[in-house]
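Colleague: The following block contains the structure, expressed as C-alpha cells.
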Amino acid sequence: RPLSFSPTGFYSSEKMTGLFAYESSDLDWCEDNYRHSEHIVEYFNTVKMYLSETTLQLLWTILYGHNDDRYSGQERGINVCPLPTGLFSAYFHMTLSFMGQMLDELSILWVLGLCYGLWFPRRLFPSFIKDRTTFSRLVMMITVVTTLCSFVKPTANAYLLNCFALHIIYSLGLEMRTCTDPKVLRLCWSAVGLWVLAISCWISDRFGCSFWQKLNFCYLHGIWHILIVMAVAYASTLIAYLDANYEIPYSLPSLQYWPNDNWVLGLPYIVLKGTTKTHKRF
Ligand SMILES: [Zn+2]
C-alpha cells in the first residue's frame, strides 16, 4: 500500500503497477467491496458517480457550451471539465487504486484552480493584486504547489478539498452581504443547503460506517456524490451570475429556473438580455 512514492522509486515498474492495483489507495468508503461485481470494488459509488457527473456535464454544455460571442475561450474550455473529473472519480471507486485517487482528487483541484482564476470576484482579490491575469498566475502557482504537496499525505487530500468549499462559501457570504435580489439570495441558500446536506453524508459515511452497516445502508457516499453535483450546479450558476453582473453589467444578466421559477429545486440558469458584444476584460 504505497502512502507516497519517492523520486528514486518512481521509475521502478513494479512500483508503478502497484499504484494502479485494486485497493492500493488508503481510502475505502463504507460501501461493501465487490458486493455486486467482481470487477467493480464499489458498485453504487461508481455508477452514481458516473451518472451524476454526466448530468452535470450535460447541464454545463447546455448552459455555457453554445458557440456564443459572449463567452471567452477559457469559459468555453471549462465546460468540458466535469467529464474527465467524473471519469477519474468513477475509475477511483471502481478500483480504489492509488492512481485513481490521485487522478480524481487532482482533477478536482485543477478545475477549482481554473474556476478561481476565471470567476473569483475582482473585489475580493488580495490588495497587492491589481488585475485578473496576475491573480490567475498566483492561483496557478498555488495549484502547482498543492499538487506536489498532495503526494506527501494523500489521505489528507479529501479534507483539503473540502476546505476549498469552505473558502468558496465564505467568499459567497461576503458577496451576499450587499445583495438584495431575492432570486440571488435564494440561489445562494439552496447551494449552501445542498452542500451542508452533502458534507453531512460524506462525514457520516467516513466516521459512522459501523452504524450504517448495522442498518444495512452503506450508500451515503453515493448520495454525497449526487448532492455535491447539485450543489456545484447551483453554486456555479450563482458565481457565473455574480461575475456577469459585475464584469459585463450591460449584458443585463438575470436568473431563471427551469422548468418553472417557483419550483424549489428547479434548475437555475442565466439569461443575458443585452445584445451587444460583451467580452469580459482581463
Ligand atoms: Zn467518491
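A Cβ is built for glycine as well, from the same backbone N, Cα and C atoms used for every other residue.
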Colleague: If I go by TrEMBL, which of His93, His167 binds Zn(2+) at the same site as His221, His225?
Modeller: His93
Colleague: Return the stretch with the most CB pairs under 8 A relative to the transmembrane segment (223-242), choosing among 134-153, 159-177, 184-203.
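Modeller: Against the transmembrane segment (223-242), the leading stretch is 184-203.
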Colleague: Of the stretches 106-122, 134-153, 184-203, which racks up the most C-beta pairs under 8 Å with the transmembrane segment (159-177)?
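Modeller: That would be 184-203.
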Colleague: Would you mind reading off the Cα separation of Trp29 (Ca(2+) binding site) from His93 (Zn(2+) binding site), to the nearest angstrom?
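Modeller: Between the Cα atoms of Trp29 (Ca(2+) binding site) and His93 (Zn(2+) binding site), the distance comes to 9 Å.
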Colleague: Just counting, how many other CB atoms are there within 10 A of the CB of Asp28 (Ca(2+) binding site)?
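Modeller: Its Cβ has 12 other Cβ atoms within 10 Å.
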Colleague: What's the number of neighbouring CB atoms sitting within 10 A of the CB on Glu31 (Ca(2+) binding site)?
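Modeller: Around Glu31 (Ca(2+) binding site), other Cβ atoms within 10 Å: 23.
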Colleague: Using C-alpha atoms only, work out the spacing between Glu31 (Ca(2+) binding site) and His221 (Zn(2+) binding site) and round it to an integer in Å.
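Modeller: Rounded to the nearest whole number, the Cα-Cα distance is 8 Å.
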